[in-house]
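Undergrad: Can you read through this structure? Questions will come right after.
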Amino acid sequence: MSSWLGALGLTSGFVLRNLLSQQSNPNKVLDVKSDQYSDRFVQCREDALVLYGPGKEQKSTKEKYEIVLQRPCTETLHQAFSLYRSNELHEAEVRFLQLKDKVPLLVGISREVCNLGGIQKLCDALQENPTWTVAHLAALFALQDTFQHPVVLSYLNLPDLNAGISPLQVAIKMGNLRTVQTLLNAKASLEHLDNQANSVFHYAANTTKEIILALSTESTKCLNYRNADGHTPLHMACLADKPECVKALLVAGADVNISASQASVNSSTLAAAPPGCVGDFLHENPNKLHAQDMKFGGTPLHWSCSREVIETLVNMGCDINSRNFDGRTALHIMVLRKRLECVVALLSRDADVNIGDNDGNTPLHLAVTEGSYAIVQALVVFGADLTYENNMGATPRHGIAPESGGDKILYVLHSVGAPRCSLNMQGCNRGCEGSSFDYNGVPPATPPSSESREILNQMLSVAGMDVAANRVMAADKGSRGGRLLCLDGGGIRGLVLVVILLELEKAVGFPVIQCFDWMAGTSTGGILALGLAAGKSLKECLCLYFRMKEHAFVGGRPYNSEPLENILKEALGTHTVMSDIQYPKVIITGVLADRKPVALHMFRNYPSPSRVIGLEEVGLFKPTLSPEEQLLWRAARATGAAPSYFRAFGRFLDGGLIANNPTLDAMTEIHEYNLALQAVGRTSEVKPLTIVVSLGTGLVPVTQQKEIDVFRPESLWDTARLAVGVSALGALLVDQATASDGRVVHRARAWCSMTGVPYYRFTPQLSEDISMDEKNDEKLVNMLWETKAYIHSNYSMVREAAFLLSNEQQHR
C-alpha cells in the first residue's frame, strides 16, 4: 500500500530544502531581473523558459547554468523567475527538459500559479515526480480551469511512466471533489489501473464518501478489482479505518465476499464465493453496523450488532465464513464482542464453528479466554471441536484460567468430553494438565428430580435383551425391518431431540434416517420426523429450530400461524405429499377435535391397517386424506396446533393432547399393520419390532405443589386458597393430558421387555422448566448443553443402541 501512497506526497525534504539559503538550495524559485541575463549565453529556449550558461567572463565563479522563466509580456518586461541553478550543464539540461513543456504552459493559462509560491510548488512537484504530465500537475493543485485547454486535455488519460498513476487518480488522492468532478465531466477514464493495479476506487477508498459517490455514479466496473496486494477498494477503506468510505463502497455495490489475498487481479477470477452485494440494505440502514470493527476488514457480518442485521445480510448473500485481515470470521468477532444473540444467529445460519484465525484460535478458544459462559455452551452445542489445537498447540481447555473465574466454563467443557493436555504441554493449570485428574471445574447445582428407577429399568432391559441377542446372533433377515424411533412433543424443546439424534448419528457413523424403519412423532417431534424424512440433515434441523423461534413466537398467544406455516412450506415443500416419502414409514399424531370424544389421528406415508384389509371410513364425519393427498406441511401444522399457542388447524389440534409420547401408539400401529398384512396374505412384508428408541424433550425439575384442593370457600382466606387450588388443578390436568414421561415411559419399557424388544429411552434432566415458546438464547443453549452432558454421561447406552441399529442396518 505504501508504494502508491508515497507517489503523490510532497515529502518533508522539500520543506527542509526551502528553508535553506539561496546559495545552498538550487531549486528555490527566485524573483530576478531580466536584464541581468543580457550578457549570458542561451543554452536552450522553450517559449518563455530559458536555460542560460555562464556569462562571457568564463572565469566567473558566481555565475552558473540557470533556468529562468520570463514573465508574460503583458505583466512586465523586466521581471522573471529563476527556477534552477547548477554548476553542471548536464544536470541543468535534465531539469530544463522536465520543466519546459509544463511550467510555462500552466503559468500562462492559470493565474493561480503565476506567482513565486505557485511556481515553487510546480517545480517541487516535478522534482518529486519528474514523469508527470501537465494534467497531473493541474489535478494536484486543483487547477480546474486548465482542463478546458486542449493541450492539458490531451494528457487527460496519459499515466505517469513511473507509478502508472493517472491525473484522475491524483485528483482523487488529493481529496478534491470539485477537481474530480471536473475530470469526470472531461471524460477521464475510470477503468485505468496504475502499476500496482490500483483503480480509481482504490484511491477513493481513503478519501470521502462524496468522491466515491461521484465515481460510482459514472461507472462501477472496477469497484471489485483486487490490486497487486490482493486488496479490493473495500479492503483498502477498512485498512484506512474509513467507515464512511466503507459504507459508501457497499452502497455502490462492493462485493463483500471477495477475500483479501495475493490472488490474480484478473477480474474474471475475483471471487470464489457468490457475489454478496448489500448496497440496498446499507442505503436503508446506514447506522446498523459497528464502524469501529471496519478497520479489521471482513464483511458487514463482522460489523453487525444484532440478529436482524445478520439474518438480512446472510439472505443478501454475505459469505458467513468470510475472514477479516486477522483471519477471523464473523463468528470470531461476535464471540469477542460477547454478543450471544449474534453468535446464535450465525450458528443457526450454519456458520463454521471450527475455523482457526491467523493464530489458529477457533471461536471456542476465544470464548473461553473471554470467559463467556453462555457462548461457550452455544459453541459446544453446535459442534465446536474440543480437541482443536491453535498455533501454540493449545486446546480450548488449556485457555481456561480456573483461578480467574473459569471454573464453571471448565466444567462445561469437561462434562462433554474435552480432553486434558498432553504430558509435554507447557503452561498448564490444574484444570488441564495431563498428569492431574483431581479438578474438573465447578458443576451447577443438581436440580430436584423424580425417584430413581435405575435398577428396575436395568432389570426390564436385561429381560428384553435376551431375545434381542438371540435375534442378532441368528441374523434372521425376515425378522429385520422393525426399528422404531419415537419423538416426543414439547415445543421449542424439540431442540433436545435434535441434539440427542446428532450424538446417536455420530455413534452409528451414518445418517440417522437410515437407522430406523419407522418414525413416529408428536407436535415438535412430528415436525422433526417430517423434516428428516423430507431430506433435511440434523444440522439443518438444529439451525431451523433456532430460526423458527424468532419468527413463529412473535407477539402474544395465540401466535399468528402464518410465519410458522411459511417456514414449514419452505422446509417441507409446498406441494410434497406424505406418499412422496418412500422410507422410512412415518407416523405423525394429531387430534380430531370436531367430535366428542376427540379421536387420535395418524398421518401416514403408507396405507393404514384398515385400508390394507379393505375397510373404508364411514360415519358422520368427513374422511381424512390419504397419503397421496395429504400435504407434508399441513400434517406438520396439524400436529403442532398446540392449544393457546396456535389456533386450531381446521379440525385438528396438537397430537400431544392424546399422545405427547407416541411410543405406545406407534407400537400399537405397527402391531395392527403387521396383523393386517398377515390377514391379506402379505406375510413376507410383516416386520415385527426389533428395537425401540424413544427420545424425550427433557425432564423438568420436581417442585412442591401446596394447594390442589377445590372446595366451597367459607372466608376471604379460603377464596384465595381456592383460586390457587383451581389454578394448580388446571395445570395438573394439562400436565397429565400431555404427559410424556413417568408412567407413560414405564408402560412402554415394560411392554417392550415382555415382548423381547430392546427399549432405549433418552431424555435429559433439565435444570429449569423451559416453556414451549421459550426464545431466550441463554436458557436454550444451557438446555442443550445439559442434553450433551447427559448423553456424554450415558454414552455406553448410546453405543449399545448404536450397535443394535447399525448391526441390523448391515443385514438389510
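Cβ coordinates come from backbone N, Cα and C, glycine included.
TrEMBL annotations: computationally assigned, not manually curated.
Annotations per TrEMBL:
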{"type": "ACT_SITE", "residues": "ASP654", "note": "active site, proton acceptor"}
{"type": "DOMAIN", "residues": "485-667", "note": "domain 'PNPLA'"}
{"type": "REPEAT", "residues": "163-195", "note": "repeat 'ANK'"}
{"type": "REPEAT", "residues": "229-261", "note": "repeat 'ANK'"}
{"type": "REPEAT", "residues": "326-358", "note": "repeat 'ANK'"}
{"type": "REPEAT", "residues": "359-391", "note": "repeat 'ANK'"}
{"type": "MOTIF", "residues": "489-494", "note": "motif 'GXGXXG'"}
{"type": "MOTIF", "residues": "521-525", "note": "motif 'GXSXG'"}
{"type": "SIGNAL", "residues": "1-21", "note": "signal peptide"}
Undergrad: Could you pull the average pLDDT for the motif 'GXSXG' (521-525)?
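TA: Its mean pLDDT is 95.
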Undergrad: Report, as numbers and ranges, every residue of the chain located at least six residues beyond the repeat 'ANK' (163-195) whose Cβ falls under 8 Å of a Cβ in that stretch; write 'none' if there are none.
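TA: Same-chain contacts beyond the flanks: 4, 7-8, 129, 133, 135-136, 138-140, 142, 144, 147, 153, 155-157, 203-204, 206-208, 210-211, 214-215, 218-219, 221-222, 225, 227, 265.
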Undergrad: Residues with Cβ closer than 8 Å to the Cβ of the residue listed as 'active site, proton acceptor', same chain and 6+ apart in sequence?
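TA: In sequence order, GLY489, THR522, SER523, GLY590, VAL591, THR639, GLY640, ALA641, ALA642, PRO643 meet the Cβ cut-off.
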Undergrad: Can you break down the repeat 'ANK' (326-358) into helix, strand and coil residue counts using DSSP?
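TA: Counts, helix then strand then coil: 15 helix, 0 strand, 18 coil.
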